[in-house]
Amino acid sequence: MVQASSHAEGGHEGKQGASRSVGLLVAAVGVVYGDIGTSPLYTLKEVFTGGYGVSVNHDGVLGILSLILWSLLWVVSFKYVMFILRADNQGEGGTMALTALARRATAAYPRLRTLMVICGLIGASLFYGDSMITPAVSVLSAVEGMGLAFDGIDHWVVPISLVVLVALFLVQQHGTEKIGKLFGPIMVTWFVALGALGVHGISQSPEVLKAFNPGWAVNFFVVHPGIGVAILGAVVLALTGAEALYADMGHFGRKPIARAWFILVLPALVLNYFGQGALLLQNPEAARNPFYLLAPGWALLPLVGLATMATVIASQAVISGAFSLTRQAIQLGYIPRMQIQHTSSDEQGQIYIGAVNWTLMVGVVLLVIGFGSSGALAAAYGVAVTGTMLMTTILVSAVMLLLWKWPPLLAVPILVGFLFVDGLFFAANVPKIVQGGAFPVLAGGVLYLLMSTWKRGKQILVERIDEGALPLPLFISSIRIQPPHRVEGTAVFLTARSDAVPHALLHNMLHNQVLHSQVVLLTVVSEDRPRVPEHERFEVEAYGDGFFRVLLHFGFMDEPDVPAALKLCHLDDLDFTPMRTTYFLSRETVIASRLEGMSRWRGNLFAFLLKNANGNLRFFNLPLNRVIELGTQVEI
C-alpha cells in the first residue's frame, strides 16, 4: 500500500512538473518570440521589393531562402541558444547583465574594462532605438494586410496603426498582468498559423525544399557578387528579436526558451518562409506582400486580426524590455534615477517607468508618420539589430576567455565565426544609414552621450566631494576632546565614502551644534550581480562613541529599500527604531566650470541631468517625514 501511495504521489508530482514545463514554454513563446515571430510579415517582401535587384526567379528565391534558413540556424540556434544563453549573470540576461559580467571578467585590465563598458552602453543605446522601431514596423506591417482585403483603404494604414500604438502605450501605466496571461496562447496560435500557411504553400511547390542545401546560399553569392553582401541587410530582418532570447532569460530560464525555439518557433518560421518562397516560385508578382497572399481569401481578415495581436504582443515585449533595461542601468549607475512604478503585486519584474514610456511613444509616433510604411522602416531596423548583436558578441568574448577561462584553441575559432557573421550583417546595413538607418544611429548616439556623461559626471562629482574630506577617525578624536551636545535617536548619513565624514554631518554640526547619540555612516553598494542574498546584504563596523559604519549591498535587480535592509542589521548597540531614526541627505548643486575632467558643455548637461534625477529619498524608499536634506554646491 505504501508503494502504491508513493507511486501515486510520484505520478502526481510528475504531472505537475510536466504541466509547469509546458506552462513556462507557452509563456516564453508569448514574451520572448513576439519580435522574431512577426518577421515573416515583412522579410521576404523587403528582400524582393526593397530595391536590392534580386530577381524573383528559381535561383533567386532558393538562394534567399537558404540564406534565411542558415542565418537562423547559425545566429539564433547556434550562437544565442547554445552559447549566449549560457552567459547568464546569476540567471539574468540582457545587455546590462552581460556588461556587468564583462566588467567583472576584465577587472584586472582597466583599459579593456573601459572598452567593455563602452560596448555595453552602445548596445544598450541601440536597444532603445530598436524599442522604437519594433512597434512601428511590426504594427504597420500587420495593418498593411488590410489593403489586400479592401480597396482604397491604404491611406488608413497609418492612422489605424497610430491608434493601436498610442493605445498600447497608454495602458502601460495600468500594467498588463491580466491580459498578459493571453500572450502565450495567442502567440502559440500565431506560430501554428505560420506553420500551417507554410505547409499549404510548400505542398503547391515542394521543390522549394531544395533550399535546405547551403549550396544555394553559396551559389547566390557567386552568381550575385555585387549584391551578395548588401542583401544581408534585408535577410537580417528574419533575425530581429534574437536578442530577446537573452534579454528575457531571467523571466523563464534557459531551458524553456531553448525548448520553445526548437519545438515550435524555428519549425514554424522555416515552414512559413519556405511557403512564401513556394508562392513566389509560382507567382512572382506575389512579392508585393507574400505573407498575406500566401493565405486563402477567406482567411485574410482573420489573419490580419491575428497578426495585429501578434505585433502588439511583440511591441509589448520590447517596451517591457526597455523598462527592465532602464532599471538595471539605473542600479549600475549608467542612467539618472527615475520613478519606477510596480504594476503587479505578485510579479516583481512588472514595472512601469513613465519617462521611458512617453519617450518611446513619441519616437514611435514620429517614425510611423515620418516613414509611413513597413518597407520604408526596414532600412532603419537592421542597423539597430546588427549593432546590438555585434556588441553582445564582443562582451561575451571577454566573458568566455577571461571569466569562464575557455581554452583559446576552442573559444577563438567560435568567437571569430560569430564576429565574422555579425560583422557581415552590420557592414551590409551601414549603407542604409542614409536611407533611414540614421535614426537608430542618432538615437543611439544621443543615449550613449547621456549615459556616458552621467557615469563620468558622477565619478567627477564624487572626486570633488572627496577633495579635502575629513577622515572619520580624526573627526571622532576631535569630538572626544570637545564633546558636542548629543540628543537621543539615530542619525543616518548617506555617503559614497564610508571612511570620511559626509558633508551633511559637518553641516549639521556647524548649524545645529548637536550630534545624535547614534551616528550611522551608510554607504549603498551596487553589485555586478542581479541579486544579493539577505545574509550578504549588510556589513556593520562599530567605531565607538556611538559611531557606526554600515555598508548595504544591492544587486541590479534588487529593490534598494534602505529602511527594510537596516532592520536586518543585527548589533546590540545599534537601534533602528523607525520613529527614532532620522536620515540626513546631501543635495549637490553642480556648477560647470573650466576645471579639468569634463568639458563645460558636458558639465552643464550633467548638471541638468542631476537636477532632474530622482533623489535618494524616493529611490531608497526613505520615510518622507524622517528625512532632512542639506544642500551644497560643487564645481566640476
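Glycine is treated like the rest: Cβ placed from N, Cα and C.
According to Swiss-Prot, the feature transmembrane segment maps to 22-42, 64-84, 115-135, 150-170, 182-202, 220-240, 261-281, 293-313, 351-371, 383-403, 408-428, 433-453, an assignment based on sequence analysis.
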Checklist entry - In the same chain, which residue numbers or ranges, 6 or more beyond the ends of the transmembrane segment (182-202), come under 8 angstroms Cβ to Cβ? => result 26-31, 33-34, 37, 40, 208-209, 264-265, 267-279, 294-296, 303, 306-307, 309-310, 313, 316
Item to check | Long-range Cβ neighbours of the transmembrane segment (22-42) (under 8 Å; 6 or more residues past either end) | outcome: 76, 134, 137-138, 141-142, 180, 182-188, 190-191, 194, 237-242, 244-245, 248, 251-253, 256-257, 259-261, 263-265, 268-269, 272-273, 276, 291, 307, 310-311, 313-318, 320, 374-375, 378
Checklist entry - Who are the long-range neighbours of the transmembrane segment (115-135) in its own chain, taking Cβ under 8 Å and residues 6 or more past its ends? => result 35, 95-96, 98-99, 102-103, 105-106, 165, 168, 240-241, 243, 311, 314-315, 318-319, 321-322, 325, 329, 334, 360, 363-364, 367, 377, 380-381, 383-385, 387-388, 391-392, 394-395, 398, 439-441, 443-445, 447-448, 451-452, 455
Item to check | Close approaches to the transmembrane segment (150-170) from elsewhere in its chain (Cβ under 8 angstroms; 6 or more beyond its ends) | outcome: 135-136, 139-140, 143-144, 308, 312, 315-316, 319, 357-358, 360-361, 364-365, 368-369, 372-373
Next on the checklist: So, taking each listed stretch (64-84, 261-281, 351-371) in turn and counting its Cβ pairs to the transmembrane segment (383-403) that are under 8 angstroms, which one gives the highest count?
Outcome noted: 64-84
Item to check | Considering the transmembrane segment (261-281), which listed stretch of 64-84, 293-313, 351-371, 408-428 counts the most C-beta pairs under 8 Å | outcome: 64-84
Checklist entry - Excluding the flanking five residues on each side, which residues at least 6 beyond the ends of the transmembrane segment (408-428) place their CB within less than 8 Å of a CB in that stretch? => result 74-75, 79, 83, 229-233, 235-236, 239, 382, 386-387, 389-390, 393-394, 396-397, 400-401
